[in-house]
Amino acid sequence: MISNFDCTDNQASSKVLRPPGGGSSDIFGSEMPQTPRNVKNRMASNIFAAEKDNGVKNNVRQGAHRFYFIGDAPRRGQKTVDSHSRLFGEPTRPITPGKNHMKSSIPFGQNTEAVAAQKLLTTNGHYNGKSGSVSSASSSVSSSTENLKMNSGSRSGEKRLALTGAGK
């Protein structure tokens, strides 16, 4: 081993040490076995080469689904079982029929009283908004006509004259 430190000589040493990693960087003085560097040539094409074992590598996929290995199928659709379902089983739900949206509400060739009774059953007797069969204008006319019939007893002669125009 070569030593640059000499206590008896007070001259400055003119030797330059080798940079780290160059030549022999062994500080203990023994020779290191030379092994070739294992660098993958990323520019080499392997289109026609035989596939290597992908199962040998332990590649964990990064990102949202990182808890399975690349090449494995992702674990989707696993049913989570809560304690209520585990203890008591699945709840039984009554089957409700879906509404037929294509069914027409216009009666063609049917008895109008039967249709009115059917509508009364389906609406539970409530008429809100446009679902009622009688419009507000026609109901006000019919109610005023009924009021005339009921109140015609006291002044029937005056009304008849006013209606016929004979009083003038």
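Placement of Cβ uses the backbone N, Cα and C atoms for every residue, glycine included.
Per Swiss-Prot, these features apply:
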type: COMPBIAS; residues: 1-14; note: compositional bias 'Polar residues'
type: COMPBIAS; residues: 76-87; note: compositional bias 'Basic and acidic residues'
type: COMPBIAS; residues: 131-144; note: compositional bias 'Low complexity'
type: COMPBIAS; residues: 145-155; note: compositional bias 'Polar residues'
type: MOD_RES; residues: Ser24; note: phosphoserine
type: MOD_RES; residues: Thr35; note: phosphothreonine
type: MOD_RES; residues: Thr92; note: phosphothreonine
type: MOD_RES; residues: Thr96; note: phosphothreonine
type: MOD_RES; residues: Ser105; note: phosphoserine
type: MOD_RES; residues: Ser133; note: phosphoserine
type: MOD_RES; residues: Ser144; note: phosphoserine
type: REGION; residues: 1-33; note: region 'Disordered'
type: REGION; residues: 76-106; note: region 'Disordered'
type: REGION; residues: 124-168; note: region 'Disordered'
### Message
Under 8 Å between C-beta atoms and at least six residues away from its ends: which parts of the chain pack against the region 'Disordered' (76-106)?
### Response
none
### Query
Taking the Cα atoms as reference points, how far is Ser105 (phosphoserine) from Thr96 (phosphothreonine) in Å?
21
#### Entry: Residue distribution over DSSP helix, strand and coil in the region 'Disordered' (76-106)
6 helix, 0 strand, 25 coil
### Message
Neighbour count first, Cβ atoms within 10 Å, every protein chain included; then name which of Thr92, Thr96, Ser105 tops the list of modified residues.
### Response
Ser105
